[in-house]
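Q: Below is the structure I would like to discuss, written out as structure tokens.
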Amino acid sequence: MLWKTALIFLCWGLTSGELQNGLSATPAAPARRTLDFGFVPSGVYDTVAYYEPGAIGILFNMMHAFLFVVQPNPFPEDLVISAAKDKFGAIQSEYQKVIYYELGFVVCAALGLLFTVLLPLVGLLFCLCRCCDNCGGEMHQRQRKNADCLRGLLTTLLLTTTFIITAGVLCAYAANQNLSSQLKGMRRLVKSNLKDLHTFANQTPAQIDYLISRYGTVKEQVLHDLENVGVILGGRIHEELGKEVKPALDATLSMTGTMRDTKDALENVSLTLETLQEGTVKLQANLSVVRNSLRNALNDPVCVDAPAPEICRNIRNSIPKLEIAANYSSLPDVTDQLNKVNDVLKTDLSQIVAKGIASFNDTPAMVTAQTRNIVEGVKVLLDDIGNNITSFSKMLPVHSSLANFTRMISHTHSQIEDIYPQIDQMDFYRWIGCITLCCMIVLILTFNFLGLLCGILGFDRHASPTTRGCVSNTGGNFLMAGVGFSFLFSWVLMGVITALFLAGGNLEKLVCEPFQTRQLFKVLDTPYLVNSAWRNFIPGYLYNDPEMDLTAYSLYSNCKDNRGIYSALHLDRIFNISSFFNTSVYSKDVSRKFEGLKVDLRGIILLESEGKVNLNNFSETGINEIDFAAYLEEVNKGVTRIDLIDFANQLDAQADQLSKGTLQTSLKGHANTIRQIHIQQVVPLEQSMSTLNQSIRLLERTSSDLPLRVEDVLKAVDDAQNLISYNATFVINQETEKYKQNIIGYFKQYIDWIRTSLALEVATCKPLSNIVDTVEILGCGFLLDSMNTFWFGLGCCTLFLLPSIILSVKLAKFYRRMDTEDVYDE
């Protein structure tokens, strides 16, 4: 049922894949935004598939170290694969490799079997030997000088051996108890794993529903772009066409400024020319009066006496310079040109250009109006896609399949709960058996400790062997009892230990360690191992497609990383559901809808004929016929031939050289008069000349290329108009394609998000890897490590029973009461 559920996810993934193919890559419109689909709701898995043994881990490490010494060879991957392929026939043909790998186990097992077989025989022979008063059976002890030293050495060695055996039995007991306690923890692990499977099954429908519901985000954004098609598509068309239209309109608009500037300049020329003509006449008259008055003043008799004659002569020679320099009366007026410009300005070109700009700026509205039917068609298509997705989701038995899967989990849980009592009962029997084995050792240890205790406490060094006390004798008997039980139990213990060692050691080396190093997965993933016709057994079993690149290790690793079962099981390779949800059809449908888009911009008039006539009239106003050279020549002459202020200052200086009198006073009066003329008449005329100069130069610049400028403006406007009216198809198609791809891009984002979600977030298969890890924890961590540590501790005890037997027999001689002793005559 689980794989059926997984196949459902595949359907959604392939659906998204085919739509993505239809959304081919074209330059995306800048208006596209990244959609936010939110976060897929996810459950929380409780299982923590990690085992930390705690303090007993030290014993586990000792056991592992012992197994490494016994079996240091690497995992025989090739041998295992050959054995599996040949149904263990390879073992017969390659027995040498098997023996080489198992050599450590074989040697240890052989020693164990030898121990098991020989020890009862040795014990029997030992008993018979002692019955014949041999092998220490004679109740006679020879007196030796080093008896005390030997007794102390034997006591120390036996005590050390006994402590070692005690440590071993404690190790075995701890392992036995750990196994029972961990089996109780097994229930928690199993329960959490089954709970995670419930979470997996319960959250999956909600996740799928969430993926489906996020189509609303796509639809909402697409509707937004469709409803704003004028702003988006029309704006882009407007922007692209504006690269040629705006410069043309700006140039036309700048001509209106040129017209106004030309009018202002002509008016300035006309006014300043009239002002200059009138002003120079008045100035000429005033200067003539000053000249005549100065000549009359110089007729004064003072000019006869030295040094006045020289001064008067200089003044008289400079008087002719008091006259105007420019003759503005000869300059032609610009009335005709001004009148023509005024006639041109009667037509408001700026208003005409504004109408053209407004018409061009109406492009978004025109696009909105002309694409209304197409937009409505795409909206209907959106609804159809949504209906198809909804109907397709209803076709899939997601809820029913997952409900069956949930019931299967519940049934499995119930069955597991039913066998818990049997497991507990079996564990109890196992525990009893292990405790019995430990008790055998404990019984021997008890006799050893009691024997040592009674022997040490009851020993009297002054007593002869035949007169030893009851306590000392009892200690010796305890030691011999321990020897007897050692012979009785040790071969049984060694037999059990050997069997457990062979089974547990090989399982540890051939299963648990390879699982930790992931070599076991390499074996499982060996091509044609499980089935000679299947390259990979998982896809061969699930999908009957053994060539699919799906291995046990890849499945485990993906689930370990908590990826979705969709990607872990490579479900995108199973079904072709084009007949259900062929997304490329949708992209073609969207493209087909936009193929009928025809945006006609011929209604846009950038510059009406009246405006063109107006521009032509402006170029024919005749400002280029003005005699700019004559104007500039007169302007450059200045107002007067000589600077009146300088002349007045010189006149004052010359008057100061004369003696005081009427002539000096008259000359100074004339100097002041000249200054007044300069201030009141020359300065205003100079300002008018400056204005005239600026205006003439402006008109000269304007007229120099006016016809060419007008021609360029009209050509630019005509070119822009032709682009809009006849050649805008390329721009419209280009921007329409971008807009269309923008719309399709939202679907692509949705599909990419679905793919990513299916791969990483939907139906994450962590519970599957947790189950594998849990089996490893239960089998290797809980069961095998504990059992291996049990035989390791018990084996240590059993081995040290041999020195314990020897030492106990020898030490018992020093504690038991003898029947005879050596007697020496004095």
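Note: Cβ is positioned from N, Cα and C throughout, glycine not excepted.
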Q: Candidates are N268, N727; I want to know which one Swiss-Prot annotates as N-linked glycosylation site.
A: N268
Q: If you check Swiss-Prot, which of N361, N404 turns up marked as N-linked glycosylation site?
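A: Matching N361, N404 against Swiss-Prot annotations yields N404.
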Q: Under an 8 Å Cβ to Cβ limit, what residues of the same chain, 6 or more beyond the ends of the transmembrane segment (106-126), are close to it?
A: 70, 99, 135, 487-488, 490-491, 494-495, 497-498, 501-502, 798
Q: If you count every Cβ pair below 8 Å, which range out of 50-70, 439-459, 483-503 shares the most with the transmembrane segment (153-173)?
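A: Between the candidates 50-70, 439-459, 483-503, the best contact partner of the transmembrane segment (153-173) is 439-459.
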Q: Provide, as an integer number of angstrom, the distance between the C-alpha atoms of N268 (N-linked glycosylation site) and N388 (N-linked glycosylation site).
A: 78
Q: Compare the Cα of N286 (N-linked glycosylation site) against each of the glycosylation sites N178, N388, N617, N693 and report the nearest.
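A: When the Cα distances are compared, N693 comes out closest.
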Q: I'd like the number of other C-beta atoms within 10 A of the C-beta of N404 (N-linked glycosylation site), please.
A: 15
Q: Given the glycosylation sites N178, N327, N388, N404, N693, which one's Cα is the least distant from that of N617 (N-linked glycosylation site)?
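A: Ranked by Cα distance from N617 (N-linked glycosylation site), first place goes to N693.
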Q: How many Å lie between the Cα of N178 (N-linked glycosylation site) and the Cα of N693 (N-linked glycosylation site)?
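A: Between the Cα atoms of N178 (N-linked glycosylation site) and N693 (N-linked glycosylation site), the distance comes to 114 Å.
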Q: Report, as a single number, how many Cβ atoms besides its own are within 10 Å of the Cβ of N268 (N-linked glycosylation site).
A: 19
